[in-house]
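In what follows, a single structure is set out as structure tokens and then discussed.
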Amino acid sequence: MESVDVIVVGAGMAGLTTARELLKKEPTLKVLVLEGKDRVGGRTLTVDVQTANHTTDKFDMGGQWVGRTQKELLALLDELNIDVYEQYEKGKKMAQLGTEKIRSYSASLPIFAAGSFTLYEVIDFVRNIFRMSRMVKKVNVLDAFSWDGAIAADEQSVASFARSIALTRSARDALDIAIRSVYGAEAKRMSLLYHLLYCKSGGSFMDLIEATGDGAQALRIKGGSQQISLRMAAELGDRVRLKSGVKHIETSEGGPTRVTLINGEHLECKRLVLAIPPNQCGHLEFSPPLGYLKRRLYDNMTPGHLIKFIVTYKSAFWREDGKSGEIISAGRTTIPGEILPIVCSYDATTSNGSPAIVGFIHADLHDWTVNERCNAVVKDLVRFFGTKALAEFIAYEEKNWNKEPFNGGCPVDYVTSGNMDAFMSIRDMHYGVHFAGTETAVVWMGYMSGAVESGKRAANEVFYALELKEKVDHKYLRGSQFSVEYHHPHPPSDHYDDYLSPWRRRIFFGAALVFGIYAVSKKYDLSYTARFFRPVEKSVFKWWTGMEWPH
Ligand SMILES: Cc1cc2nc3c(=O)[nH]c(=O)nc-3n(C[C@H](O)[C@H](O)[C@H](O)COP(=O)(O)OP(=O)(O)OC[C@H]3O[C@@H](n4cnc5c(N)ncnc54)[C@H](O)[C@@H]3O)c2cc1C
């Protein structure tokens with residue numbers, strides 16, 4: 001059986017970063033990266049699409065944007081000599097929120113767009129963002145249950161929260177769209193606490209949805225994001241093995257860890273790093289089995305289901321028409337059963353100047369054929385941009401991540417309501433197995449930057465476990481069981497810790513007494529004074545005289 005020091009499962013950004021970090025600091029280590037697919041890059045995939053003048057250009061069908069506060073990713077891009085450029089976002093943006101009507105606005109988000117939206121809608125948007133931001137501030141990413149509202153937030157879905165606070169359909173639609181575009185998920189299925197923690201991990205809710213300033217959609221990568229993984233894999237050479245899907249893991253305390261591949265091959269290592277999405281960890285067989293919390297985590301962490309599309313055009317006609325290319329749409333109509341496909345879109349014109357629109361399609365269109373989806377997308381683009389969206393059309397390309405092997409969906413896995421206690425075990429080791437992948441990150445969880453951070457943490461955990469402590473960079477152990485600051489996060493308490501005011505009971509019995517007196521006095525037709533004071537008089541009389549009230 002082949003034996004190495006470290007096996008990393010998954011050649012996405014997290015796994016490749018782990019292997020690269022290990023070898024950068026300790027080149028003598030024997031490291032192997034096992035990848036199930038026939039390519040590296042995982043949830044990043046850059047493809048050639050036909051563009052204007054009969055040429056092709058590179059477009060991202062997976063991870064694409066970079067935020068200015070995504071330091072880990074920006075540092076890696078710098079190391080690999082890959083440039084970024086700004087997302088185009090000049091001109092009017094289009095929105096279909098709360099009604100079938102399409103409205104345009106020039107502010108960065110509709111919440112700031114008084115004039116296009118009614119004052120009542122704008123106040124509602126701002127009020128809801130303010131309330132959510134206040135909750136986000138209270139969340140501790142490393143200990144989700146350390147604030148008072150956490151248990152209630154985990155019991156609630158994002159949709160039920162939106163229903164309870166939003167006064168207008170537009171505000172509810174806006175939150176639904178934000179959840180669909182950020183996680184590819186429906187708000188009714190997601191734990192509110194998970195959403196708050198995710199926002200905190202990226203900075204704030206606004207940072208997740210904006211394409212300006214510190215927003216996650218502010219910058220794009222020249223030549224596409226998959227080249228990050230391709231370049232790291234090229235550095236690692238034949239240490240990366242494709243078509244090597246893992247299915248069984250046998251591990252022990254202090255002993256070696258053995259993996260069995262789908263093709264039946266066996267390999268052995270001192271430490272194993274699983275840099276794969278949580279929903280894929282759930283498909284692996286572990287011996288000994290995973291602990292209760294990890295098992296429940298993998299049973300309840302599920303991927304989003306968006307389909308990403310690119311439409312290339314002869315010219316960027318929307319720019320000439322004073323539009324940015326940005327759409328957000330609830331896709332609702334008054335015709336029962338009709339679904340308008342586009343959830344959101346942006347200008348995707350490349351750094352070479354090839355005009356294109358990128359967007360995400362509603363998850364309910366999964367069972368349609370590619371042709372049906374293409375027609376529906378172009379029809380929807382005509383609704384927002386006019387007939388040029390059809391006349392200038394060149395090509396349509398899409399990626400349905402739901403059908404991608406070893407992936408399960410896109411863009412991230414999220415936690416369903418009531419399971420955030422299990423989520424707090426996401427970085428915990430299982431004997432000789434470490435866990436990386438963007439969902440395990442502390443900062444910018446779910447994004448490419450989070451994947452890089454998680455890979456660095458896993459590499460430093462491995463140094464620690466292999467007793468190469470002088471190699472450990474403690475900065476990257478944040479959230480790890482090996483961190484000096486680590487304390488096991490509070491699980492939600494199962495004792496009665498909620499304060500029940502005695503006044504509730506007093507008011508209840510007081511009201512019952514008043515009602516009783518009223519009912520009795522009504523029956524015996526006593527005067528008002530007598531109705532209220534007779535019982536008091538009787539008690540005082542008895543207390544003073546020791547005798548019963550004379551009948
Ligand atoms: C459509 C889409 C849009 C996105 N947009 C953005 C964006 O704009 N900005 C951003 O920052 N992020 C974005 N993301 C998210 C980003 O792409 C991911 O956060 C990041 O790529 C995850 O990297 P990872 O290494 O953690 O996981 P992955 O990329 O999923 O890598 C895991 C690897 O493990 C392999 N694997 C799984 N199971 C096994 C097994 N049993 N055996 C062997 N190999 C296995 C998989 O094949 C895969 O290659 C987007 C993702 C998608 C899909």
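Using the three backbone atoms N, Cα and C, a Cβ is placed for every residue, glycine included.
The model shown is predicted, which means the values in this text are computed figures rather than measured ones.
According to TrEMBL:
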- Val246, Glu439: FAD binding site (BINDING)
- Phe360: substrate binding site (BINDING)
- 13-462: domain 'Amine oxidase' (DOMAIN)
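A distance of 31 Å separates the Cα atom of Val246 (FAD binding site) from that of Phe360 (substrate binding site). Counting in whole angstrom, the residue listed as 'substrate binding site' lies 21 from Glu439 (FAD binding site) by their C-alpha atoms.
Checking the binding-site residues Val246, Phe360, Glu439 against ligand 1 with a 6 Å cutoff on the Cβ atom leaves Val246, in sequence order. The number of other Cβ atoms within 10 Å of the Cβ belonging to Glu439 (FAD binding site), over all protein chains shown, comes to 28.
On the 0 to 100 pLDDT scale, the domain 'Amine oxidase' (13-462) averages 94 in the predicted structure.
When secondary structure is read from DSSP and collapsed to three states, Val246 (FAD binding site) falls in the strand class.
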